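Only one structure is covered here, and it is reproduced in the block below.
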Amino acid sequence: MAQTRASKEQGHSIKLYLVTWILLFVLSACSYLVDYFQLQSELRWSLILLLMFLKAGLIVAVFMHMAWEHLTLIYAVLLPPLVLFVFVGIMVHESGYTLATRQISFALGQ
Amino acid sequence: MDRITEDKNVHPGMQHGGWRGFVADWSSDRRAFRDVSWGKAMMWIFLLSDTFVFSCFLISYMTVRMSTVVPWPNPSEVFALTIGGTPLPLILIAIMTFVLISSSGTMAMAVNFAQRREGARSAYLMLATAALGATFVGMQAFEWSKLIHEGVRPWGNPWGAPQFGSTFFMITGFHGTHVSFGVIFMIIVARKVLRGDYERGRRGFFTSRRGNYESVEIIGLYWHFVDLVWVFIFAFFYLW
């Protein structure tokens with residue numbers, strides 16, 4: 001079993017890693033340009049997130065070989081972080097509350 | 001014993017990937033991560049836990065940034081450098097990003113050569129990775145001293161919200177520590193490869209187990225994760 005797996009992985013050529021590397025360079029350059037050209041608000045945020053997820057996906061799938069793993073490992077590793085979105089949601093709510101109380105408090109001069 | 005051999009023959013689903021393989025892996029009373037050694041599985045689980053650690057930092061950064069009534073310092077200006085008379089926004093961070101991505105590239109190739117059992121090439125690529133990682137830490141040290149010199153402290157800074165300093169030092173400091181430990185372990189594994197430990201099955205000094213080339217793949221997973229975390233820090237802390 002280990003033998004077949006090893007021989008399967010040896011099938012990857014160096015070219016695959018070089019192509020991924022170049023892609024990551026291009027994507028990073030793009031995210032730098034987002035700041036260089038001072039894009040603002042929705043366009044800026046969506047581009048930042050898009051480029052971030054593309055880069056993260058390439059690193060996890062190709063460099064960390066996740067694309068060639070069994071679904072068992074893929075789901076064990078990639079599903080749990082999804083609960084972080086719930087955490088983000090809770091903290092966005094909390095920040096809104098904190099900001100509101102601060103603004104009220106400062107407006108009343110206390 | 002009999003049952004195990006029988007199972008293998010009876011359930012062709014176990015030989016498959018996809019959903020059938022997924023169900024078969026989790027439903028039978030045996031190891032779920034087939035084809036994955038314990039070392040690699042444990043590294044993945046460690047990385048999963050580390051994901052939550054870094055997420056907590058980034059989420060707390062989000063919380064303080066969203067709830068402050070004082071304007072957040074503009075990272076584009078804070079991290080700008082003047083090179084040859086022209087101020088370039090965020091240039092040092094961009095270079096650091098390229099350095100870390102390059103180190104991930106050399107690491108991926110080191111793993112590939114380790115799987116082909118080409119020890120020397122793998123070791124030199126790992127040493128190149130370690131050198132790039134050390135360069136990254138060096139640039140980060142430069143960035144830290146520049147900001148400290150300009151008056152950034154965990155409790156305040158000259159430009160705006162005082163939380164900027166505490167989140168900056170916490171997040172980049174924790175990431176830099178990860179890079180530093182990665183460099184140290186990379187050098188240790190590269191030395192083992194160069195000495196031929198994995199060819200001869202020499203026992204390690206700490207666990208007295210016989211190592212194999214999979215160690216390169218495992219340290220590679222850690223290294224790519226450090227690069228992965230930087231992708232998120234770059235997006236949320238420096239660009240946002």
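Quick reminder: no glycine exception, Cβ is built from N, Cα and C everywhere.
Because the structure is a prediction, the values reported are computed rather than measured.
Annotated features, as they stand in TrEMBL:
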type	residues	note
DOMAIN	B:43-240	domain 'Heme-copper oxidase subunit III family profile'
TRANSMEM	B:41-63	transmembrane segment
TRANSMEM	B:78-101	transmembrane segment
TRANSMEM	B:122-142	transmembrane segment
TRANSMEM	B:168-194	transmembrane segment
TRANSMEM	B:215-239	transmembrane segment
- Message: Under 8 angstroms, Cβ to Cβ: which one of B:41-63, B:78-101, B:168-194, B:215-239 has the largest number of such pairs with the transmembrane segment (B:122-142)?
- Response: B:168-194
- Task: Determine which residues of the chain contact the transmembrane segment (B:168-194) at the Cβ level, with the cut-off under 8 Å and only residues 6 or more beyond its ends counted.
- Result: 50, 53-54, 57-58, 61, 100, 114, 119-120, 122-124, 126-127, 129-130, 133-134, 136-137, 140, 143-144, 147, 152, 154, 202, 204, 211, 213, 215-216, 219, 222-223, 226, 229-230, 233, 237
